[in-house]
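Asker: Taken from TrEMBL, the feature active site, proton donor applies to 46. Residues or ranges marked as ATP binding site by TrEMBL: 39-46, 156-159, 185, 193-196. TrEMBL lists 70, 162 with the feature (R)-pantoate binding site. Residues annotated as beta-alanine binding site in TrEMBL: 70.
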Ligand SMILES: Nc1ncnc2c1ncn2[C@@H]1O[C@H](COP(=O)(O)OP(=O)(O)OP(=O)(O)O)[C@@H](O)[C@H]1O
Ligand SMILES: CC(C)(CO)[C@@H](O)C(=O)[O-]
Ligand code: BAL
């Protein structure tokens, strides 16, 4: 890489080997590196992280890796949508400097016996429904941090619990990377962008709008003075359960950092949920504030 490379000026480099990442980035020494970890099948949510990284760093690396260790038995590892050619074209257009798309054998030794586990924030919500999920996420994210050595790493608030778990893991293990949380990007009608939206039939797509709508209803109730967490949760849950295509996995009002369930909305709270729409499990979340007008 030339000394003045970065910000996509030199064209994008696509690699699949750890050594290639290391030799590319060795030449970036002294410059800031932003990392955007993804599982591919990119959409505007991912691209918002990439754009933020390009603004804040000299060099931006994106990983494309459907990480097997965060999927449980019976989950959609095989079916997970993939389109490498399309992803590469988008990344090139957006000015990524480096794309790391390894095969599972490149990242995991067949006899790997070391795992990274955050034990508090990861235990409830998605962690309760998907045992082992965050262990797989933390392990692969720490591995990516070790490979890339990013100054900053970008994660979306769409996966709100994941963001908090990674923040904690990074703090607890003294990883010298700043974890940057980025706002949830929605379709114009409110649906949170997600690679898994591609699984939805048109009818399910219409039902899925209830996820963002139920958060808006709870937010209106909070603005109207409702502080009781049970009542706010019930407002949201009722809206989801009116639709027979939806099955709520969990729906909680939690403290935005500790993810502890709230009884009363005294300060800011996060309404956070996972729900099955047909056979597709989707996430959504949003802020609730007691003050009127926020
Ligand atoms: N709508 C979104 N807004 C902001 N960030 C997002 C959005 N969707 C995904 N991201 C972020 O992009 C990163 C990579 O996510 P991932 O590749 O799993 O995509 P995804 O759309 O969340 O897929 P899935 O369908 O598996 O949930 C994560 O940090 C995730 O939070
Ligand atoms: C952070 C991540 C890339 C780790 O595989 C994944 O969980 C995701 O895409 O959110
Ligand atoms: N962004 C979420 C990754 C997963 O569901 O495994």
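Placed from the backbone N, Cα and C atoms, the Cβ positions cover glycine too.
TrEMBL: automatically predicted annotations, no manual curation.
It should be emphasised that the depicted structure is a prediction, and the values quoted were computed from it without experimental measurement.
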Asker: For the recorded positions listed here (45, 46, 185, 195), tell me which residue's CB has the most neighbouring CB atoms inside 10 Å.
Answerer: 46
Asker: Please state whether DSSP places residue 70 ((R)-pantoate binding site) in a helix, a strand or coil.
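Answerer: Helix, per DSSP.
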Asker: Going by C-alpha positions, which of the recorded positions (46, 70, 162) is nearest residue 195 (ATP binding site)?
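Answerer: That would be 46, the closest of 46, 70, 162 to residue 195 (ATP binding site).
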Asker: Are there any residues at least 6 positions away along the chain from residue 42 (ATP binding site) with a Cβ closer than 8 Å to its Cβ? List them or say none.
Answerer: 86, 87, 90, 91
Asker: Using a 10 Å cut-off, grab the number of neighbouring Cβ atoms around the Cβ of residue 70 ((R)-pantoate binding site), all chains included.
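Answerer: I count 21 other Cβ atoms within 10 Å of it.
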Asker: Measuring CB to CB from residue 39 (ATP binding site), give everything in the same chain under 8 Å that is also at least six residues away in sequence.
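Answerer: Residues satisfying the criterion: 64, 65, 66, 67, 80, 195.
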Asker: Nearest by CA distance to residue 185 (ATP binding site): which of the recorded positions is it, out of 46, 70, 162?
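Answerer: Its closest listed neighbour, by Cα, is 46.
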Asker: Please classify the secondary structure at residue 45 (ATP binding site) using three-state DSSP.
Answerer: helix
Asker: Can you check what DSSP calls residue 185 (ATP binding site), collapsed to helix, strand or coil?
Answerer: coil
Asker: Scan 42, 46, 157 for recorded positions whose C-beta lands under 6 Å from an atom of ligand 2 and note them, or write none.
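Answerer: List returned for ligand 2: none.
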Asker: Per DSSP, to which secondary structure element type does residue 39 (ATP binding site) belong, with helix, strand and coil as the options?
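Answerer: DSSP call for residue 39 (ATP binding site): coil, neither helix nor strand.
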